[in-house]
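Everything below concerns the one structure shown next.
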Amino acid sequence: MGTKAQVERKLLCLFILAILLCSLALGSVTVHSSEPEVRIPENNPVKLSCAYSGFSSPRVEWKFDQGDTTRLVCYNNKITASYEDRVTFLPTGITFKSVTREDTGTYTCMVSEEGGNSYGEVKVKLIVLVPPSKPTVNIPSSATIGNRAVLTCSEQDGSPPSEYTWFKDGIVMPTNPKSTRAFSNSSYVLNPTTGELVFDPLSASDTGEYSCEARNGYGTPMTSNAVRMEAVERNVGVIVAAVLVTLILLGILVFGIWFAYSRGHFDRTKKGTSSKKVIYSQPSARSEGEFKQTSSFLV
């Protein structure tokens, strides 16, 4: 008898729990997207989905984030003026008639209850695919051995942004130079994201023709023109010659000052000394008893 009562109590508890779960499920709201990341070639139509449930009177808004920029695409179930010519609002999402690379970014679907506290949101990432263009490179024609040399590679059109591979004399340069015998004597840092290749320090074996390739997983990878870089020794002769010329010029300057001083071109009169000259002449012989002052002063 006791066992039967315990079973009935357990069944009753399970029934009550099921009712509570059902009521919670009915009262909850959900917002989701069937495709949280969308990749589409440029100039094609695309739909960003946003499904929701649990709202009796839903208010839908869409915003667009790209870096530090935020724009409103849809407000209160209506497309804003800046998008109304090429975007259509649907209860299940928004549709672009044609996308451009500037549309790449994150879109947030925000759903709230009109006059209520219920709220939900979902983010959809849109990547508009654009193949890379031919990259441009900045490579010095010569660089001094032992110094730092920086090579850059970039292209502006690829979406998503391109990654870069460097070549020396047609051979792929690994990210870690010590991993390949061909580059084991080099000391460089290669950044595939920025396209920067830094030699620090540059060695004689780094002389060669350099080019880079840009690829982003869409379209054909593009390769830059090859540019030759010469790793040259520091010109010690020029440095020695410059030092000798400096010493010679300094010697000439010192000699000139000494010569001018010795010739009296500099005033050597001491302060407080009179510049007047006094000439004194002895009296001439005269008769006894006659005396006359003959001193003369010249100014």
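From the backbone N, Cα and C atoms, a Cβ is placed for every residue, glycine too.
According to Swiss-Prot, the signal peptide annotation covers 1-27, on the basis of experimental evidence.
Mean pLDDT for the domain 'Ig-like V-type 1' (28-125) in the predicted structure: 95. Positions annotated as domain 'Ig-like V-type 1' by Swiss-Prot: 28-125.
Among the features that Swiss-Prot reports, topological domain 'Extracellular' is placed at 28-238, with the record citing sequence analysis.
Under a cutoff of 8 A between CB atoms, and with a sequence separation of 6+ in the same chain, the neighbours of C109 (disulfide bond) are V31, S33, L48, C50, V60, E61, W62, G93, E121, V122, K123, V124. Taken from Swiss-Prot, the feature disulfide bond applies to C50-C109 (among others).
Residues of the domain 'Ig-like V-type 2' (135-228) grouped by DSSP class, helix first, strand second and coil last, total 9 helix, 41 strand, 44 coil. Swiss-Prot lists 135-228 with the feature domain 'Ig-like V-type 2'.
The disulfide bond annotation in Swiss-Prot covers C153-C212 (among others) and is backed by experimental evidence. The Cβ neighbour count for C153 (disulfide bond), using a 10 Å radius over every protein chain in view, is 24.
The N-linked glycosylation site feature in Swiss-Prot is assigned to N185. Within the same chain, residues at least 6 positions away in sequence whose Cβ sits under 8 Å from that of N185 (N-linked glycosylation site) are S203, S205.
The feature phosphoserine is assigned by Swiss-Prot to S281 (among others), with a large-scale study or a structure entry given as support.
Residues or ranges marked as phosphoserine in Swiss-Prot (evidence: a large-scale study or a structure entry): S284 (among others).
Taken from Swiss-Prot, the feature phosphoserine applies to S287 (among others), supported by a large-scale study or a structure entry.
Sequence-distant neighbours of C212 (disulfide bond) (same chain, six or more apart, CB under 8 Å from its CB) are P135, V137, C153, Y164, T165, W166, F167, G195, L197, T223, S224, listed in sequence order.
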